[in-house]
Each structure stands twice: as C-alpha cells, then as structure tokens.
Ligand SMILES: CC(C)(COP(=O)(O)OP(=O)(O)OC[C@H]1O[C@@H](n2cnc3c(N)ncnc32)[C@H](O)[C@@H]1OP(=O)(O)O)[C@@H](O)C(=O)NCCC(=O)NCCSC(=O)CCCCCCCCCCCCCCC(=O)O
Ligand SMILES: Cc1cc2nc3c(=O)[nH]c(=O)nc-3n(C[C@H](O)[C@H](O)[C@H](O)COP(=O)(O)OP(=O)(O)OC[C@H]3O[C@@H](n4cnc5c(N)ncnc54)[C@H](O)[C@@H]3O)c2cc1C
C-alpha cells in the first residue's frame, strides 16, 4: 500500500498489477476489498455516502468484503433469510440471522481480515418486506480487531484453492446499525420508515454484474498463463524420436501436441479481446444506468452472465489440457499450473454458478427470439436471431472471416430456435410456463454456449478488420483468429452440420485448415506466448521459465522441499522403525515356533 503510494500508482489497473506482482501465487486477502467492497460503495452509495466511506476504503482504514451467500442460499438471492428490520425509534436497522440456514457462509476474508462487510439482507420496514438490499456493517473493533458484540464470526475451513482468502461464516444476533448504513443510491428508507423503491429492483445486483465482467478478464489471464507455461515447456521438452534414429524431438513438433496447445493459445487471444470488448460495453451501459437510462440493463446482464460462464468453463478445461500436455511435471506444483487451476475453477461457481448464469442469458435470448419473430427490432448483438435458417454456407478453401462468422451466426440462431420451439411445444402440450422452461433448459444451455462462442469469434474478426495493426502482426493474429473459429467448428461439427449447413467438401476444407494452421503457427508459437509479457516472477513456474532452464529449476525446486531438511524423517523413528522392529520380533517368534 505504502509502496504503491510512493510509486504514485493511482489507477486501479496499475494497483492490481502491483498487487498481483507482490502476491503472485496466492490470491490476495484484500482482493474482495479492492475489487468488490470499495467499488460497490462507490456505485451503490449516495454521493454523500461515497464521499464518507470510499476514502476510508481506499486508504485501508476500513477493510471490507461482500457478504451475500448464506448456508441455505447462494444462487437464489430472493431466498436469502438475513433480515434488516428498521426501528424508527432509534433510527437503526436490526440485523438478524433467524435460522441456521441464514448464517452468512463463504464471504471472502470475513473470517480474519476485514473489519466491515457489505451485507445483503431482506429489508423490513413498517412491517413489510421490500426484498434484498445492501448494508454497510462494522464487524470488528477498529482499535483491537475484536469481533463486535452481537456477531459470531469464523473461518469455513480448507477449500480446493483460495488458500490466501479466509472465506468465513457470520451470524447476526439482533445487531444494530445506523439507518444511514443502508446503501441508498437507488432505494431509500426515510426517517419515518417510508420506503422509496428504486427504478428497477435489480439495481442492487450491480456489484455482481461488475465482477462478472472482471471475471472474463480473469479467465483470459489464467488460461493464457497456463498456455505460456505449456508452450514454453513444449519447446524445451524433448521426448521420443519423431524421425527414426534422429534426435529426440521437441514435444511441440508432434501434431497432437500442437492440436492441444495452439487452439488454447488462440483462445487466450480471443478471450483477451472479448474481455476488453465486454469491459467497453460495461463502461458504456453502466454509465447510462448511472444517469438513469436502464434500457440496456437486461442486455448487459445477459452478456455478462453468458461470457462469465462460457469463458471460465473453457479456461478451466483449457488449463487442465495445458497441465496434462506437460506430462508428469505438469502435476507438480513446480509447474505452477495446479494453483492457477485451483484458483480459477472457483469462478465457475462464485459470482453466480455457471449453469444458472447461462440460463439467465438463455431467458434473454428466448425473449429476443419471440420479439424477432414478431418483427420487432433487436439489439445489434442479437440481430442474427432473425437470419434465414435455410441458407447454406458459402465457405471456400480460404475459410474467410465472413464465412466463419456466418457459420457461427447460423449455428447459434438455429440452436436458439430449436430451444425456443421446444419451450413453445411444451407450452402447447399444456405444461405450465415454468415447466415448459425447465424441460427445455438443456438445449437452451447449448444454444447459449453457441451464442457466446459467436460473440467471441465476431469480436475477434471485428477488431482485426477495424484496428490499425502492422501487416506481419495482422497476419499472425489472423491465423490465430482463423484457428480459434475453425477449431471451434471442427470440435462442435454436429451442431454446425445438423441441418446440412456445410456440405462434405466444406467439412474436409475445415479439417484440412486446422492442420495447416498448426503448421503456420508453429514457428511463432513461443513468440506468441512471450508477447503476453508475463515475468517469471508472476508465473512461478519451473516449466514456463523464459530462459528455458527447466531441469535446473526443477532440481532446485525439489531440493527446497521441506522433506529434504533432514536425511531421516521423524516418521522413521515414530512409525517405520517401531513397525519394522515389531515385524522382526514376530518373525523371530515364528522362526522359534
Ligand atoms: C440471476 C439470478 C439467479 C436471478 O434469479 P431469479 O431467477 O430468481 O430472478 P429474479 O426474480 O431475482 O430476477 C427477475 C428478473 O431480473 C433479471 N435479473 C437478475 N439479475 C439481474 C441483474 N444483475 N441485472 C439485470 N437484470 C437482472 C432476471 O434475469 C429476471 O429477468 P426476466 O424476468 O426478464 O427473466 C440471481 O438471483 C443471481 O444473480 N444469483 C447469483 C448469485 C451470485 O452471483 N452471488 C454472488 C455472491 S458474491 C461472490 O460470489 C463473490 C466472489 C468473489 C470471489 C473473489 C474473486 C477474487 C478474484 C479471483 C481471481 C482468480 C484469478 C486467479 C489468478 C491466478 O491464480 O493466476
Ligand atoms: C471460492 C468461492 C468464493 C466465494 N466468495 C464469496 C463471497 O465473497 N461472497 C459471497 O457472498 N459468496 C461467495 N461465494 C459463494 C458463491 O457466490 C455461491 O456459492 C454461488 O453463487 C453459487 O451458489 P450456491 O452455492 O447456492 O449454488 P447452488 O445454487 O446450490 O448450486 C448447486 C447446483 O444447483 C444448480 N442450480 C441452482 N439453481 C438452479 C436453477 N435455477 N436452475 C438450474 N440449476 C440450478 C446449479 O447449477 C448447481 O449445479 C464464494 C464461493 C466460492 C466457491
């Protein structure tokens, strides 16, 4: 913190890069403070509240987190049970956890680190419940960090990853906070207890939308780091003979290794651009929302949910492929990959479980599909839903960007139509609306994945056609873009072929194109991962070192294992030797017999 001040880092991006460099392996216990607590105070507080609290947060005088999930409910926010009941006599809210299942459970850094929380609770005033709202709650004494009376707080125990984050539980026993600690930018409770409702109840969910946008960038960061490690290692690692009697080949020269890694390299670039595109859309629509124009809120919500889920799923699968492509050494923490995976895989669950998020986007697509059928105008990103599904592909040998985007549009439009028609058929059969929906959600998830895939391909193509890029770089980025798109088709061929959109010749073209691109990309593969510019310090990987001294690094790493501190381990004296002695005594006994 002091060092950041000394260096004059003001922007959140600079600060984030610094924090990551300072704690490269474990997630920071202040991540939720800087990433969620302070921004939520800024965006959900009134100007007065922000002026009061944000400087305290930014200077770490107040350290906070976001406490929403409970033992009994995470996904279903409307089902949260923590109550905040307004007492007009004292001008306070009384926070309470009325049941076991209402205990806050999972919030990061609640257990030991923070002294404040933003608590999501059901607001009661004048005997009426007004749904969930956010409240700023002091949870520890600012002098000695003791837990405030009326609260029970603890750690939830070990997890798959997130070792640097003390996820905790928290129980309220009629705990009082001032009225002005409700975040009142959109909804308000007046002194007499009157409730002023917001323009849209979902404005309270703004912090989640923001983090989902950040998570798309996390998916890029983590997948690209694993790809850097795996590609560099594949250039160093030699195994088996490619040419009989020749020297052992770099494993990167095996076509199968290229097929594992180069599409993930291409995906990393695609995700970086998608994350940037998503951030721009977020900046535009969220500033409209702040000015009171809520028209595009559903579009933003749908895009953030879909991309968060799509990108984290693909990143996690891809990181695992990177790990396995490093053979045995990939399994060691020395590779750096297990930690990357363990931390990012949580993102498939936190900030909205991925299936649930996909279904939010699906609902939006379903509504847009109906509007499109009625001839109503649709937002630009969704206009493809009205394309003519009888058209066949014009893809030729060059696999042009235009033909690839058309293929992705066709696939997504067809799959959304299939899911919507199933939903409609279910309704016609007499099912209630919710059943008709539930019984079409599997095809809706597939359709939503296709929709997100289209967004990413189209975004990559658009950037290549609009940005001024020098010809050599443009050429190699075009290869990556084409590989991302063609590989996606080859791996999901059934979805593109089901209605005969491609003919047999075109399928052969696509299969050949993938293999040709692997060869094109091979000479630039290491440069393309170097271009991400991750320092060794950040990667913390013996396999992904910039200088390629992999075996030296692995040997040094092994020597630093705590088990090597002594020649004979205490387990020998405590267990192995007594066991051996026992065995030899019993052997002697049996020999006597
Ligand atoms: C979306 C919901 C599931 C909605 O639930 P419902 O179906 O019940 O709907 P509602 O009635 O509530 O909604 C009606 C209506 O509103 C629409 N809606 C909903 N939400 C929004 C919204 N936000 N904006 C606009 N509109 C919205 C909804 O679609 C309906 O519309 P229609 O009627 O038109 O259909 C909701 O309940 C929900 O969001 N649930 C999810 C809960 C959730 O997200 N919880 C998050 C808790 S906080 C958390 O998890 C924090 C985690 C933070 C982790 C720390 C991150 C640190 C960084 C780590 C990075 C790792 C990198 C590793 C690096 C390395 O190692 O290298
Ligand atoms: C590492 C980590 C960090 C976290 N940090 C925080 C934090 O800082 N603050 C905080 O408040 N919370 C935090 N959480 C909690 C997290 O936000 C929730 O776990 C998450 O929102 C998922 O909710 P859930 O646990 O209720 O899952 P559930 O909803 O119980 O999901 C279980 C299964 O049910 C399915 N399901 C649920 N609803 C539906 C539906 N409507 N349709 C179809 N399928 C459905 C899901 O797809 C899933 O397969 C964290 C969680 C993790 C893992």
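Glycine too: its Cβ is placed from the backbone N, Cα and C atoms.
TrEMBL does not curate its annotations; it predicts them automatically.
DSSP gives residue 351 (active site, proton acceptor) a coil state; it is part of no helix or strand. Around residue 351 (active site, proton acceptor), the C-beta neighbours below 8 angstroms that are at least 6 residues distant in the chain are 208, 211, 212, 215, 308. Annotated active site, proton acceptor per TrEMBL: 351, in sequence order.
Per TrEMBL, FAD binding site is recorded for 69, 108. DSSP assigns residue 69 (FAD binding site) to coil, not to a helix or a strand. Of all the Cβ atoms in the protein chains shown, 18 others lie within 10 Å of the Cβ of residue 69 (FAD binding site).
In the predicted model, the domain 'Acyl-coenzyme A oxidase N-terminal' (21-63) has a mean pLDDT of 94. Summarising the annotation, TrEMBL assigns domain 'Acyl-coenzyme A oxidase N-terminal' to 21-63.
Positions annotated as domain 'Acyl-CoA oxidase C-alpha1' by TrEMBL: 205-365.
Positions annotated as domain 'Acyl-CoA oxidase C-terminal' by TrEMBL: 401-581.
Neighbour density for residue 108 (FAD binding site): within 10 A of its CB lie 27 other CB atoms from the protein chains shown. Long-range contacts of the domain 'Acyl-coenzyme A oxidase N-terminal' (21-63) within its own chain (CB-CB distance under 8 A, at least 6 residues past either end) are made by residues 1, 12, 15, 107-109, 113-116, 118, 134, 136, 162-166, 180, 183-186, 204, 206-207, 210-211, 214, 286, 290, 339, 343, 535, 537-540. According to its DSSP assignment, residue 108 (FAD binding site) is coil.
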